[in-house]
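Beneath this line is the structure, given in structure tokens, with notes to follow.
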Amino acid sequence: MKQIVLASASPRRKKLLQQINLPFEVHPSSVEENYNPEWSPGKIVKELSLKKGKNVATDFSSALVISADTIVTFEDTILEKPEDANEAYDMLTQLSNNTHQVYTGVALCKTDQINNIAGTKTFFEVTDVTFGKLNPQDIKNYVEGGSPMDKAGSYGIQDDFGAIFVKRIEGDYNNVVGFPLHSFYNTVRNFAGEFLPNPGN
Ligand SMILES: Cc1cn([C@H]2C[C@H](O)[C@@H](COP(=O)(O)OP(=O)(O)OP(=O)(O)O)O2)c(=O)[nH]c1=O
């Protein structure tokens, strides 16, 4: 039977994929998220998402394995998840009153009946996010609340306070949360339409 697998531990990615009513199972990957610092941001998120997908794909037969990776870039610097509260505070201070980019890469891996990878497809989306001027006490409170720690760039646009920081965005909102639903659906239709409920429609 054809099966869809989401290779992610992110509750936000799970929720976004549920939104489009595809039946899937969650099997998080376990890979080191290292990359060549000379790569472009788009290449980094594509390669890391593919690494996550390949790590899980060979556990499944006749499957479509979906994986993703999100990073934030600000003026040539890559901001991943913060190491600690101080780093989160510094990142948010940097982003205050400025525009940054959120890149999410998605990988699709198809497997055959004997668990071999039969084909892969990767793509990425970029969204520009502009923060208003942040109040240092608001940043401190937000960091103390703990939300930044599992998020690239140290904020969640979907969080109460994270949302307050955001003045303007250009691009797909869901891409900032960690999964670009619009381009995902179009890519699946072309690359793996047989996994959609009504193939050919
Ligand atoms: C900028 C931003 C990031 N994020 C999150 C999305 C990702 O979950 C996280 C970046 O880390 P990732 O390494 O992309 O993903 P992950 O470790 O959470 O999950 P997995 O690798 O198993 O798929 O930051 C938000 O939730 N909201 C935001 O506004």
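Cβ coordinates are placed from backbone N, Cα and C, and glycine is handled just like the others.
Nobody curates TrEMBL annotations by hand; they come from automatic prediction.
Taken from TrEMBL, the feature site 'Important for substrate specificity' covers Arg12, Thr70, Gln158. The active site, proton acceptor feature in TrEMBL is assigned to Asp69.
Annotated features, which come from TrEMBL, shown on the structure.
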residue: Arg12; record: site 'Important for substrate specificity'; DSSP class: helix
residue: Asp69; record: active site, proton acceptor; DSSP class: strand
residue: Gln158; record: site 'Important for substrate specificity'; DSSP class: coil
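Distance from the CA of Arg12 (site 'Important for substrate specificity') to the CA of Thr70 (site 'Important for substrate specificity') is 12 Å. Here the CA atom of Gln158 (site 'Important for substrate specificity') lies 17 Å from the CA atom of Asp69 (active site, proton acceptor). Distance noted between the C-alpha atoms of Arg12 (site 'Important for substrate specificity') and Gln158 (site 'Important for substrate specificity') is 9 Å. Within the same chain, the residues at least 6 positions away from Gln158 (site 'Important for substrate specificity') whose Cβ sits under 8 Å from its Cβ are Arg12, Val177, listed in sequence order. Of the listed recorded positions, namely Arg12, Asp69, Thr70, the sparsest Cβ surroundings within 10 Å are found at Arg12.
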